[in-house]
Ligand SMILES: NC(=O)C1=CN([C@@H]2O[C@H](COP(=O)(O)OP(=O)(O)OC[C@H]3O[C@@H](n4cnc5c(N)ncnc54)[C@H](OP(=O)(O)O)[C@@H]3O)[C@@H](O)[C@H]2O)[C@@H](O)CC1
Ligand SMILES: Nc1ncnc2c1ncn2[C@@H]1O[C@H](COP(=O)(O)OP(=O)(O)OP(=O)(O)O)[C@@H](O)[C@H]1O
Ligand SMILES: [Mg+2]
């Protein structure tokens, strides 16, 4: 469906994003000449952005790889980082890494041999005070070895809230920012940045994907008021603006997306089941298109969250001439629209088959078919 936009002051509002068109436009064709982890970008971007945004978007990069990393996974939560990382691969990422605690690593590895798992994070209970600074340095060293190769970091699925762990992750966010690596923040990553907004404030390559609770906490902290569903679009716009133009995907019955300049919504399909982990899928969608780094798109939460990551990276390399109406839009917005669309379509297909017993793994299995329905490959 073609999106309908209207203006309210300086901001532009769209009733419903032209979701499937966006998804089609940013999904790269399968090219037999490309090899794993690298592909030449011959496309240019037309996205008309502020000078500040264009600086942080690093739009001059020439290569993309579809290399995604998830920072998350602790003693309590191993499902969330797994859902996020595997959905990146299912959508089209070349490589998917997970940086998690030692306790979570062997569990996550045992779910899938496809994932590259780094057991480098530590929680307070396993660290002596005198060892903390050494361990922190070690964690940063390990992540930095890879940082330049990542098209996008997904921060927070199943991270937990241990103070030492969150301290390490704050430093990782700072390093990602210095290296202009796009980040999608979800789950406990949102708990972290809600308390330390400076970590993402003003970073235009940051995408936040709050659920109902996470959104409530953000609104209370940043706007010092309660969530107002009557003026949901205006409130989301103000929130994104107040955090310096980050992109926010507010998950719900309709997914609302804003970068502080425009607001769009995706409300197609979906499923009446609310099983834990759907958000994790969405994350990768954002990066669905290789080069989160060049132009990002966020996706389906765990499944969806990772969908955003992939699409975001694909959106950063859109061809201008054929898709003028698409390539002139903020890639983080495009990534979120594509991720949300794919996640919702997959959830709807899964529900058709499994009804009340639909689980996140069923939705992940429907990602490929959903993408095929929208962007068929022969
Ligand atoms: N299969 C898996 O592995 C899955 C793992 N998942 C992972 O779970 C984590 C939380 O994500 P979620 O979506 O449950 O968070 P959310 O709705 O804000 O909170 C719900 C309620 O719980 C409470 N609460 C949370 N953490 C708390 C803590 N450490 N200690 C105390 N209270 C805590 C919270 O309280 P409040 O924050 O309001 O104080 C609220 O009342 C996150 O890492 C996510 O990735 C999910 O993605 C699902 C699939
Ligand atoms: N009421 C709803 N109707 C239809 N779809 C919904 C509804 N609520 C959420 N969704 C879809 O489910 C996806 C996950 O949203 P949800 O609010 O469950 O995230 P979450 O709580 O972070 O999930 P997770 O359990 O992975 O942490 C969203 O992308 C959204 O499109
Ligand atoms: Mg979540």
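Glycine residues also receive a Cβ, built from the backbone N, Cα and C atoms like all the rest.
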Further binder of (6S)-NADPHX named by TrEMBL next to 211, 212, 213, 214, 215, 216, 217, 280, taken from the candidates 141, 158, 335, 339: 158
Transmembrane segment per TrEMBL - which of 257-277, 299-319: 299-319
Least surrounded among the binding-site residues, given as 216, 251, 253, 273, when other CB atoms within 10 Å are counted: 253
Of 158, 253, 277, binding-site residues neighbouring ligand 2, Cβ under 6 A: 253, 277
Binding-site residues (214, 255, 280), the one with most neighbouring Cβ atoms at 10 Å: 280
Separation of alpha carbons, residue 271 (ATP binding site) and residue 212 ((6S)-NADPHX binding site) (Å): 17
Cα distance (Å, whole number) from residue 271 (ATP binding site) to residue 280 ((6S)-NADPHX binding site): 15
